[in-house]
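Taking it in order: structure first as structure tokens, then the write-up.
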Amino acid sequence: MSEEEVHDTSSEASEVFTNQPNAFVRGVRSIFGYRKTSLTLFVILTIVVTAGLSFYDNSLELTIELPTSQLEKEILESSWLDLQNIARYPHTYGSRANDQVHDYLEEIIQDMEYDNDGEKIMFESGKGVVSYYESNNLLVRVNGSDGTLPALLLSAHYDSVPSSFGVTDDGMGVASLLGVLRFVAHNQPRRTIIFNFNNNEEFGLFGAHAFVKHPWFKQVGYFLNLEGTGAGGKAVLFRGTDYGIVKNFGGVRYPYATSIFQQGFNNHVIHSETDYKVYKEAGLRGLDLAFYKPRDKYHTGEDNIRNVSPKSLWHMMSNAIDFVQMGVVDDSEEPAVYTTFLGYFFATPISALARVNLVLLVLFPVVSTPLLFVIVKYKKWKLRVTNFLGVPLAMGLAVAVGQVGNPMLVSSHPMMVVATTTSIVVLVYYVVLNGVDWVNTSSDQKLVTMIEVSFVYWVVLVYVTWSGGDHTGEFGVTVLFFVQASTSLLGLIGWTFTRVRGGDEPLLSGEEERYGTEDERDTEKPLVEHNYDWSLQYLLIVPVSSLVVYNSGWLVLEGVNKTVQESLASEHLIYWIVVVFSQFLVLPVVPFITKFNRYIVLGLSVVAVVGVLMSMAVHPFNQGSPMKLRFIERVGQNDMVEVYGRQGFVEDVLSDLPSVKQTQAKLECEALPDGLEVCKYKSGLTPGNLTVEVTTEPRAESYGLISGAITIAAPENRMCTVHFPPDRVKAVVVGKFGNNFKAIPDGFSREKGNYIYKDRNGISQLELYKLDWNKDYHVGFEWLPDIDDEGGMRVEVECFWGDMVPAYQEVVHYSPNWVTWANKERGLVGVVKHVDV
């Protein structure tokens with residue numbers, strides 16, 4: 001080799017050596033270059049950060065601090081003691097313990113301006129159902145410094161259901177009201193505050209109905225209702241009447257809210273109701289603040305002091321203390337969209353969000369369509385129909401195969417169900433999209449997929465916007481569409497600057513890396529390995545979208561997953577939520593899914609297989625997440641215990657009861673509609689001293705109608721129901737009729753102390769609630785006789801007692817630890833009598 005050749009070789013080697021990137025550049029390229037290892041790192045970090053932030057945001061222990069000021073410490077200590085005393089025993093309206101709670105509260109407030117409300121009301125509480133109620137609400141008024149401001153109502157109910165100690169529902173609400181009362185006693189509020197410690201919310205919102213008839217109601221403009229439909233945890237802003245009042249919740253120290261639950265009420269996904277409904281229908285503006293999980297302990301003996309903490313109580317109470325200090329309320333009365341994240345509260349009128357949605361829905365198609373036309377026509381982006389088949393095909397298959405086999409498992413293991421379903425969905429997308437990519441390679445299939453996902457979000461956003469004010473919980477769709485469509489638009493803009501093959505590469509190259517091994521460089525496309533636009537696209541789309549979907553979806557699932565026990569319709573709804581949740585979790589990563597490395601695919605496969613196997617082997621209920629059964633004992637011609645629950649579980653539980661085995665009682669199980677069943681048996685543990693005597697009074701005929709009356713004697717009783725044949729009874733009275741039928745006005749009327757209700761369409765049921773334990777019920781009615789009878793009519797009377805009864809004590813004591821018990825009716829035992837009039 002000549003000296004010149006040696007010199008040239010040395011120069012080339014020196015040039016190659018000096019052109020090698022330094023360690024920093026190599027590190028950046030290894031992390032942000034479009035490599036499987038880089039994508040794996042990004043995915044793992046996204047999962048960890050998303051789950052971590054969501055856990056922190058929803059954690060009571062990490063986000064709520066106990067009070068530090070001396071006054072607030074004393075208030076919390078006193079209110080916690082109040083809660084312990086209130087929830088010592090179940091205290092339903094039909095129990096003596098209810099009177100004890102009433103007297104306990106009255107003793108606390110006796111030095112303040114209060115009224116032991118004695119309203120008697122009568123109204124139509126349902127179709128063909130009329131209710132008569134005697135109230136003993138406790139009302140307290142604290143006058144504000146500015147008498148021109150409308151008063152604020154604070155409301156909570158002090159009754160429980162007969163099967164529960166009523167700690168969360170609604171002892172914590174009552175204890176919070178007492179805490180606020182002690183606070184305003186030391187700090188005069190600007191506006192007058194009226195406290196309604198109301199009774200008998202559980203069986204018809206009667207305490208709230210009674211307050212609406214009270215003279216103090218006329219002072220009230222706003223309200224805050226405190227409730228509980230779970231057992232501890234954080235108190236969430238369930239719903240608000242309008243934006244003007246909702247935005248004041250941003251002033252509390254620990255805001256925790258989502259309008260997703262508000263939409264659940266509006267769309268009748270959540271079936272239970274609170275006093276909020278009564279106050280809103282009466283024209284007030286306000287909020288519903290409530291504990292919301294877990295529902296399998298709701299209305300059971302597990303709603304006790306052991307399952308809550310002072311920190312839960314303080315979360316509700318401190319927010320109530322802050323809310324009562326609100327200033328002037330905005331006049332805006334349109335529905336509100338609201339949420340919180342990491343303690344920051346966001347609220348906007350639904351119309352403002354609708355305007356944003358309309359702009360996005362129009363803007364992105366208008367901008368992206370011309371860009372796509374230019375790219376395809378002038379930039380030689382070759383697209384075929386098969387390029388667009390992957391996402392819809394995978395989405396359809398994922399919906400078809402995504403449901404886990406054990407339908408009840410979501411009640412106790414929601415995370416396992418979601419993880420299994422999501423893993424299956426990811427694997428379906430992975431297989432289908434790689435198949436499409438193999439059949440018909442695109443120069444930028446990733447961007448094609450982004451556009452397809454953007455279109456999916458666009459369609460959903462059209463539906464959300466068109467649906468209007470009832471869909472206040474779907475604000476996340478706006479965020480998802482914005483980040484996805486914006487990133488797709490950036491990709492299209494990048495393509496417009498791409499030179500036709502042979503030119504220079506653009507800054508946002510549309511090229512996509514092809515490689516064999518993870519560290520193998522593509523020698524045919526040396527510039528592609530330094531393509532970093534994918535990392536920008538990933539960071540714009542995936543972290544934000546994943547957090548929005550995961551946090552919202554998990555909040556919804558934790559709030560409703562226990563309702564899978566309530567009916568087949570609820571089961572279908574829950575699994576629809578799971579499938580949609582999983583789909584939306586996966587959609588943000590779909591554009592990158594073909595580049596998942598073998599370790600991610602293997603891990604997802606393991607999760608899917610293990611999840612499916614466990615769903616077939618694991619019992620769906622356990623002590624921490626029990627199954628709820630409902631109990632009622634009916635005493636009459638056939639003394640029977642009735643237990644209601646989902647099909648396939650009730651008989652096994654009851655067959656092991658001592659009274660069933662010892663008496664060889666026959667279990668009679670009957671399938672009910674919607675996936676439920678009822679099992680009946682003769683207990684032999686009939687409660688004593690429960691008597692109901694029904695006597696008839698002479699009847700008279702007037703204008704084709706027959707008037708009759710009965711007297712119901714039920715000692716130590718507060719609750720009875722009179723059942724009439726459908727559509728025959730046209731008027732009822734608690735007392736005695738003073739006028740003939742034609743003289744009675746339609747609806748409710750009162751005459752000489754008698755409470756009358758007339759409905760020409762027919763009254764099938766009269767509910768009676770009284771305060772005097774031993775006073776007889778006097779009920780009159782007028783009915784239209786059938787042509788083929790002789791004017792007679794059979795009436796059924798059922799009276800309920802809420803105190804513990806032997807048969808109920810037995811099922812609680814001897815049932816498995818994965819079962820909890822709740823009442824089926826207004827009491828645990830009902831005595832039934834029939835009478836012909």
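A Cβ is built for glycine as well, from the same backbone N, Cα and C atoms used for every other residue.
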Swiss-Prot annotation, Zn(2+) 2 site containing Glu202, His299 - matching residue among Asp169, Asp275, Asp330, Asp331: Asp169
Candidate from Glu74, Glu77, Glu106, Glu227 that Swiss-Prot assigns to the same Zn(2+) 1 site as His157, Asp169: Glu227
Feature N-linked glycosylation site, as given in Swiss-Prot - residue among Asn440, Asn561: Asn561
Membrane topology agreement for His572 and Gly684 per Swiss-Prot: yes
Binding-site residues: Asp169, Glu202, Glu227 - member with fewest neighbouring CB atoms within 10 Å: Glu202
The one of His157, His299 whose CB sees the fewest other CB atoms within 10 Å, among these binding-site residues: His299
Cα-nearest neighbour of His299 (Zn(2+) 2 binding site) within the listed binding-site residues, His157, Asp169, Glu227: Asp169
Long-range Cβ neighbours of the transmembrane segment (540-560) (under 8 Å; 6 or more residues past either end): 42, 46-47, 49-51, 53-54, 57-58, 258, 260-261, 264, 269-270, 292-295, 341, 410, 414, 418, 450, 476, 479-480, 483-484, 486-487, 490, 573-574, 577-578, 581, 584-585, 587-589, 591-592
Rounded to the nearest Å - Cα separation of Glu227 (Zn(2+) 1 binding site) and Glu202 (Zn(2+) 2 binding site): 11
Where His157 (Zn(2+) 1 binding site) sits in the secondary structure, as DSSP reduces it to three classes: strand
Dominant neighbour of the transmembrane segment (385-405) in 356-376, 573-593, 599-619, by Cβ pairs under 8 Å: 573-593
Secondary structure of Asp169 (Zn(2+) 1 binding site) (DSSP, helix/strand/coil): helix
